[in-house]
């Protein structure tokens, strides 16, 4: 029952990447910040946009790395190191090709599955992969050679609405996630699909 002290939302910086599939994790953190009335502020020390709120007397930090996706670990390691946050106290929200739009799944630990942001976080945390993940389904283009353009593209409206719904589902179980009630959070989240 590990409580979460840091929520990271992966994406790429800049207007050209806003609302792209690859920025699904960043969108999740933006939605948390909005719900908690937190202003995300650029902080060069942590290579990202950061914020903080309190949940049941515990500080919860938010981070959207402003490095490019493949350097996300630089931001995560800097913030987690400074505040002495252990890998198992971190939740990383990211886009997931292996899930359809409208589906969100929680996962504890594991490999990077080809995701460059996760790959760099694992490396920068000293090859520790025990952090939690929120996998936000974006679907797969069907052909490996199309993946790069697919993740860096904007989803059609119907797909975006499903992604937004999956983020809503994840926000609904956020209190359980923050409290470390992983079984309850997984049961509730995994039973929902847009």
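In case you wondered, yes, glycine gets a Cβ from its N, Cα and C as well.
According to Swiss-Prot, the features are:
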ACT_SITE  22  active site, proton acceptor
BINDING   17, 68, 70, 116  tRNA binding site
SITE      12  site 'Discriminates between blocked and unblocked aminoacyl-tRNA'
SITE      95  site 'Stabilizes the basic form of H active site to accept a proton'
* Asked: How many Å lie between the Cα of residue 68 (tRNA binding site) and the Cα of the residue listed as 'active site, proton acceptor'?
  -> 11
* Asked: Got a sec? Which of these recorded positions, 95, 116, has the most Cβ atoms within 10 Å?
  -> 95
* Asked: What other residues of this chain sit with their CB within 8 A of the center of the CB atoms of 17, 68, 70, 116, the recorded tRNA site?
  -> 12, 22, 67, 69, 71, 72, 117
* Chain-internal residues near residue 12 (site 'Discriminates between blocked and unblocked aminoacyl-tRNA'), provided their CB is under 8 angstroms and they sit 6+ positions away -> 20, 22, 23, 68, 69, 152
* To do: May I ask for the distance between residue 95 (site 'Stabilizes the basic form of H active site to accept a proton') and residue 116 (tRNA binding site), taken between their Cα atoms and rounded to an integer number of Å?
  => 11
* Asked: Once the chains shown are all counted, how many other Cβ atoms turn up within 10 Å of the Cβ of residue 70 (tRNA binding site)?
  -> 13
* To do: Count, for each of the recorded positions 22, 68, the other C-beta atoms lying within 10 angstroms of its own C-beta, and report the residue with the smallest count.
  => 68
